[in-house]
Amino acid sequence: MIGAIPSGRVADLLGRRGAMWVSELFCITGWLAIMFAKGAWWLDAGRLLVGCGIGLLSYVVPVYVAEITPKNVRGGYTSLNQLMIGLGKAFMFLIGSLVNWRVLALIGTLPCLVQLLGLFFIPESPRWLAKVGREKEFEAALQHLRGKNANISQEASDIQDYTEHLRCMSQDGIVELCQGKYARPLIVGVGLMIFQQCGGLNGFVFYTSAIFEAAGFSTTIGTIVAAVVQILTTTLGVLLIDKSGRRPLLLVSAAGGCLGCVFTGLSFFLQDLHSGAELVSGLVLVGVLVFLGSFELGMGGIPWIIMSEIFPINVKASAGSLINLVSWLGSWFISCTFSYLFEWSTAGTFFIYAGICGAGVIFIAKLVPETKGRMLEEMHASITNKNDNNLS
């Protein structure tokens, strides 16, 4: 949450590459503090620094990828970020079972160092360069991204015209973000993050072993199968997002999350009734896999993609910081409350999450726009125009 608060402002002041530099320095310092820890406070400090770095990265990476990619492949490239996160988690879980935590912390520095070096070889976001008035660098970066023989004149003109239009209209800030014309994208962005986190994600992720154990299922088999399913469905989401669009995947994902919660809640309900004992462990496995698989298909990555797409660059910093903060606040809330709810009622916990996921389906169907295949500037003008019904 601390990293999320200044994330948009840092990305605006230092550029997208500069923000990634800062975040990786936080992460490397944090991992080294954990690796050389001589007491609990070293571990706390390391976790805090890594958290700040991740809070910043979680905003700037999808924004950077959305700003550099062509409209027809923007969703697929941005969702690759979620796939890499899933693969990274699976890899660290595997390595963590083989080495001690100090070695694991050392390994954690390696991707950070790779990205630090990689930042020397990638261009800055052309849209950020246009915003800060660095026109020659803007054109060079856009040409580099599209290929040396590509004709970028129309795209460059559209970006510059819209950026100049926004510069004349307003400045970034919370006050500007509170204007009525930004109400819909703000509601969509904040709402998606609330439903993403409050549907029970961290309850399933952090307490997977406890859920399987409570239902009498093998925790080792369950966690391995869950990791494989998450990677497969994330990959499927990457392949489908620029074909089917954002909204259909979100609707299927939220509905699947609701169904997974119902299955999991039903298994514990039967257990409480001492009925259908032979069904409980199988039903909880199905519930957990359906929830996690459905989540990774859409709700895991697409809210971040939409967040990076729907806000004009003049308010993207403030909006991004706010939405990033809401996401991590929701993550913290579910992490802190799950164990208490689980002790109160195992079945009731998942039925509550099912209700939230069901409300998310209605929210997506009524309010979330389709952003597939549209230039960012075209979409921003449409969303913020009160009389434009293109995204209704």
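Residue 1 is the first one shown; counting continues down the chain.
Here the Cβ of each residue, glycine as well, is placed from N, Cα and C on the backbone.
As given in TrEMBL:
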type	residues	note
DOMAIN	1-372	domain 'Major facilitator superfamily (MFS) profile'
TRANSMEM	21-42	transmembrane segment
TRANSMEM	48-65	transmembrane segment
TRANSMEM	77-95	transmembrane segment
TRANSMEM	101-122	transmembrane segment
TRANSMEM	186-207	transmembrane segment
TRANSMEM	219-241	transmembrane segment
TRANSMEM	248-270	transmembrane segment
TRANSMEM	282-307	transmembrane segment
TRANSMEM	319-342	transmembrane segment
TRANSMEM	348-368	transmembrane segment
Checklist entry - Under 8 Å, at least three CB pairs between the transmembrane segment (77-95) and the transmembrane segment (248-270) (pairs 6 or more apart)? => result no
Checklist outcome for this item: When counting C-beta pairs under 8 angstroms to the transmembrane segment (21-42), the leading stretch of 48-65, 219-241, 348-368 is 48-65
Checklist entry - Across the domain 'Major facilitator superfamily (MFS) profile' (1-372), what does the pLDDT come to on average, as a whole number? => result 89
Item to check | Region pair the transmembrane segment (219-241) / the transmembrane segment (282-307), three or more CB pairs under 8 Å | outcome: yes
Next on the checklist: Quick check for me: are there 3+ Cβ pairs below 8 Å between the transmembrane segment (248-270) and the transmembrane segment (348-368), leaving out pairs under 6 residues apart?
Outcome noted: yes
Item to check | Recorded stretches the transmembrane segment (186-207) and the transmembrane segment (282-307) touching, at least 3 CB pairs under 8 Å | outcome: yes
Item to check | Maximum Cβ pairs under 8 Å to the transmembrane segment (319-342) - stretch from the list 48-65, 282-307, 348-368 | outcome: 48-65
Checklist outcome for this item: Tertiary contacts of the transmembrane segment (48-65), defined by C-beta under 8 angstroms and 6+ residue spacing from its ends, are 1-8, 10-11, 16-17, 19-20, 22-27, 29-31, 33-34, 74, 77-78, 80-81, 108, 112, 125, 304-305, 307-308, 316, 320-321, 324, 327-328
Next on the checklist: Six or more residues beyond either end and a Cβ under 8 Å away: which residues meet both conditions relative to the transmembrane segment (282-307)?
Outcome noted: 58, 62, 66, 74-75, 78-79, 81-83, 86, 188-189, 192-193, 195-196, 199-201, 204-205, 208, 211-212, 215, 217, 222, 225-226, 229-234, 236-237, 241, 246, 249-257, 259-268, 270, 319-320, 323, 327, 350, 360, 368, 371
